[in-house]
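The structure under discussion appears below in the form of C-alpha cells.
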C-alpha cells in the first residue's frame, strides 16, 4: 500500500515499479507484514497481508464478478461453513470460488465448472496465487454434461439457463443441501423458481439485496447519492 | 422435520413428543440422516442434519439476534474465512458467534464477550449443542475492561456505546484487521464513524442492507408486500 | 377532531354521537372552522376543514385504494395541473378520481369509468360529499366498450388487463397526453410496456416507488422497522 | 420536437436554428399544436404544447431543483389542490413554485420567497414564460424577516436552517394547513422534527422516497442498474 492508500498485489520474487519509484526484488523478498519499504524516490510503502477481498480487487478479472452484497447473502442464508463441499458454475475469473474456498477451508472442497478454457486458466492462476489450489478445483467442463460430485452442501449457479440442470443438481445435493441461482433478469429467476418447485425443492425464496451507504460530512450525515440499483436476484432452494 | 415442513431440534438421548405423536428415545438414538421415523400416531418425521441456520432458528434465544442480511454483509465485506481469529461483544444467545465459529473452523477461534451471566450461560449451552465449544470461547466479562487477545482479524461489536473501546480494539487488531459495528440508530453510527476516523482507522464505510423478496404466484410475479424496513447500520473500519 | 386527535367526517345537518358524548345538530349547523364544540359529557371537539386526504381516510371505502406515494408519482411525472382533462378506470370508491378532481379544478374535468354499479354508487356519494360532483363524472360503464372523450391530458388505468384498450386510449389522448398504468404484477406491466411501445407511445418508463419513514426517539433517529415492501408498478407512456 | 425526439422551447416571435436546419419566424408564428414544420434542410419538427415538466426540463435553471419523486410526495401527502394558497422558500429557478402554481390554478396563489436577486429574476422570467405570473408571485426577500401572508394551506421550505422560522410559519398557516421541509441531511431534518413538535405541530412524519425503474429488454425484464440513492428527506407537519 502506498502513501495514498492505493494497494498493489505482489509476488515474492519480482521488482516493483510505480510512479512513486522502484522497490527492488531483494527488498520485497525480505519484507514482512507491517514493514515499511522505501522506493528509490524515497516514497514509503507498507507491507500488508492481503485478505480475500483485497486479493479479488487486485487480481486478473476479465469478466464481471458478483458483488459483495450478493456473496454475503449466499453465505449467510445457506449457512456455509468450514468443511462444506460446494459446486459452482460458471467459474469466470474465480471470484466466487475464492470466496467459497476461503470459508470451507481444508476440510471442505470447491468444484468449479467453467466451459471456457481461457476463463478456467485465469481462474486457476488466481486461485493458486491465493494458495487455495488444494481446496478449489477448476474443471474446464460444461456442467450441463453432468455433475460428477455427490453429497454436496451447496450448488451455486451463475448461468443463463440454470434450470436446465436442476434434476442433476438435486441428485448431487445431500439432504439439507442448498441450490442457489444468481440471475439478473426476473424472467430467468421466475422460470427457475417454477421448475425448482416442480422438482420437489423446498424452502424456496427469491431475494434481492439493496445496499445503501451513509456518508458523514462536516455539515451532517446522509445516504450517498450514488447507489447500485440492481445487480441480480438470488433464488434459494433446498433439498429436504 | 414433520410432514408439514416444521423442524425440531433434538438431542440423541431424549424422547420426542408433539401434537403429531411420540417418537421413542430408542428410535432417535438409532436414526441416521435421511431416515424416516414414525410416531405412535403413525405420522412420519424425516431426520435432517441441522445446518447453522436451522440450529439458530430453533435454539434457545432470549434476546434479539442479528438478521441474516446483516451477518452476510459482515462476512462478505470483511472477507472472513477459515483460520481467522475473531472477537465479538456482546454475545447474547450466541447467534453471531456461532456464525463466525462455523466459518473460521478449527484453525481459527472466536472470543465472545458477554457481561450478563445468564446470557453467557445460554450461549455456552447453544454453542456446545452445535459442537463448536472448541472454537468459540464465551467470556463472561465486560469488554470495556479490556480485550485480552491480540492479532485479531475481526472485532465485531453490538453494544450501545461501542466507540468507548475503539482504542483498545485498535491495539488488538492485526495489520489489515477489521472493526465492524452494528447499531440501529444513526446517531450511534455517526459518533462511531467520527471516533474511528480520529483514531486512525482506514477504509471507513457505513452500510445498510435492505432485502426484498419476490413472490411467484399463478397470476404473476411481484415483490412481497411485507419487508423489514430497518434492522441496523454497519460501520466497517480497518487497521492499515 | 376529538381531544385524542381522532378525526370524524360530518355533514351539516346531523347530530354527532361518539364515546365522548353528543354534539347537537344545531351546534354543528352553526359551527365554523376553528371553533371548539363541547359534548354533553363536556368533551371538546375542534372543527377542521377536511382536505382531500382527511376526506379519503374517512369516507366509505369498500375496495383497496392507491397509496399516496403512487398517487404522488402519477401527478408529478405527468405534470397534472389545473384545467386538465382526465379519464380513469376503474373508479372503485373514487379515491384516485377525487385526487385528480381536486387538482384539475373547475376548468378541468375527470371522467371515471366503473363497471360495477355498487362501486359507482359509492364513488358518486363520496364525490358529492366532497362537493366535486361538477368536476368528476362517474360513468357506470365498461371502458372496454370505448372511451367517449377526446383531447384528454391523462388516461389512468387500474385494470387487470389494461393493454386491451391501448389503441382506444391513443385515440382519446391529445398530443403530449399521458397514459399511466398501475399494476401490482411484473408480468402485467411488462406486457403493457411491450404493447404500448408497439402502438407508438413515447417516453416509456416503468417506475416503482418505495417510501421509508424515519422515527425520532429520545435515544436517537432511525428508519422505521415497518415498511410497505410493494404496492404496484406504474407504467408511464406518452403520445408525441 | 425533432425527429430524434429531442424537445426545444420556443417563443412565438423568433426564428429557430439547430443542426437540423432553420425554421422561419413566420412558420413558427402560424404553427398550431400538432403541425409539422420543415427546416430549410428538409428536416421535420412536430409542434407540441409543453406541459409543466417539459417546460421545467428546458427552462433556464441555474441551481439544483427538486426531483419529481419528492415533488409528488409533497403534493400527494398534503392533498394540495385547486384553489390552495402556498408559501415557498427559497424560490431558486422557480421549479417547485411552477409545480405548485400549475396545481392551485387561478383560484389559488403561490408566494415564493427568494433572498438572491439573480435567482428571483430568473424565476420571474421562467414563470412568465409559462404564463403563471398571475398565480405565482416571486418576492425578493429573506423569509426570515417574516411571512407577510395568512391563511396559508401549505408552507414549503427548502432552506439550510428551516426551523428558525417555524413560529412564524405556525402563525401564517390556516387550521389544517401543512408545513413541509426538504433537507438532504439527517441532522437538519431531526432538528426540524424536534422543534416542530415542541411548537405544537401535529401529524409529524419524516419520509424519504426511493424510485426504481424497470427496464424491458429482449432478454427479459430487470430493475435498472442506475438509481438515485438519495436526494433528501421530507418532514411533514400540520397545524391542527
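The backbone N, Cα and C atoms fix where each Cβ goes, and this holds for glycine too.
Values in this document were obtained by computation on a predicted structure and should not be read as measured data.
Copied over from TrEMBL:
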type	residues	note
BINDING	D:114, D:142, D:158	S-adenosyl-L-methionine binding site
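Listed in sequence order, the residues of the same chain lying 6 or more apart from residue D:142 (S-adenosyl-L-methionine binding site) and placing their CB within less than 8 Å of its CB are D:113, D:115. Cβ neighbour count within 10 Å across all protein chains ranks D:114 highest among the binding-site residues D:114, D:158.
For the recorded S-adenosyl-L-methionine site, residues D:114, D:142, D:158 set the reference point as the centre of their Cβ atoms, and the other residues of that chain within 8 Å of it by Cβ are D:89, D:90, D:91, D:92, D:113, D:115, D:116, D:143, D:159. For the binding site of S-adenosyl-L-methionine, formed by D:114, D:142, D:158 according to the record, the largest Cα to Cα distance is 13 Å, rounded to a whole number.
Secondary structure at residue D:142 (S-adenosyl-L-methionine binding site), as computed by DSSP, is coil.
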